[in-house]
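Structure first, then comments.
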Amino acid sequence: MSFTRRKFVLGMGTVIFFTGSASSLLANTRQEKEVRYAMIHDESRCNGCNICARACRKTNHAPAQGSRLSIAHIPVTDNDNETQYHFFRQSCQHCEDAPCIDVCPTGASWRDEQGIVRVEKSQCIGCSYCIGACPYQVRYLNPVTKVADKCDFCAESRLAKGFPPICVSACPEHALIFGREDSPEIQAWLQDNKYYQYQLPGAGKPHLYRRFGQHLIKKENV
């Protein structure tokens, strides 16, 4: 059943592939805008181990009933001995025109000056409007604090101390890249690689870039 839901959610979205020439155009467009953080998930390097998700849970004190991040194992092809998987990161897209911000009655859901969509815990009343409005289904209500939670690129736990998000540091395959969207590292990667962005109806442009990749894995290893 979980595979069916994921397949349906992915099927509803718009997938736009870009090449290096397109990324240079994006870079020129962004020069006049505010600084934005962005993340790259290189699916060709990701092995689906979910070490990033476990590190995120520990660092950000997520309960067992909720998660800021997960790597979905989506079967693409199947045979007797091996299955080809697409490892897809499920987390906040930090999208422009985020519906979670629009529906929040207290202003607890907001975007900071670096483009990170965040939750102000002291203002959240636990109404779950933002959770229902998120088309990606990547928010949850913490059963202990009764506050909405989601990926915020470790804004308080890591970024404020000068460290990248814990998922980036924990990934054993170096499948995650994080930084200012206009930084040389991010722009060089976008220039040199074919990538895509996944956007669902009702949400604005995401700030999560993805490089498509699939992996053949023996069934007993998954």
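Heads up, the Cβ atoms here are built off N, Cα and C, so glycines get one too.
Summary of the site annotation: Swiss-Prot records [4Fe-4S] cluster 2 binding at CYS56, CYS151, CYS154. Screening the candidates CYS46, CYS49, CYS167 against this entry identifies CYS167 as the one listed for that site. Cross-referencing CYS52, CYS134, CYS171 with the [4Fe-4S] cluster 3 binding residues that Swiss-Prot gives (CYS92, CYS95, CYS100) picks out CYS134. CYS46 ([4Fe-4S] cluster 1 binding site) falls within neither a helix nor a strand when secondary structure is assigned with DSSP, and so counts as coil. Nearest in space to CYS56 ([4Fe-4S] cluster 2 binding site), taking C-alpha to C-alpha distance over the binding-site residues CYS46, CYS49, CYS171, is CYS171.
Neighbours of CYS171 ([4Fe-4S] cluster 1 binding site), defined as other CB atoms within 10 A of its CB across all chains, total 20.
CYS49 ([4Fe-4S] cluster 1 binding site) and CYS154 ([4Fe-4S] cluster 2 binding site) have their C-alpha atoms 20 Å apart, to the nearest angstrom. For CYS46 ([4Fe-4S] cluster 1 binding site), the nearest of the binding-site residues by C-alpha distance turns out to be CYS167; the candidates were CYS151, CYS154, CYS167.
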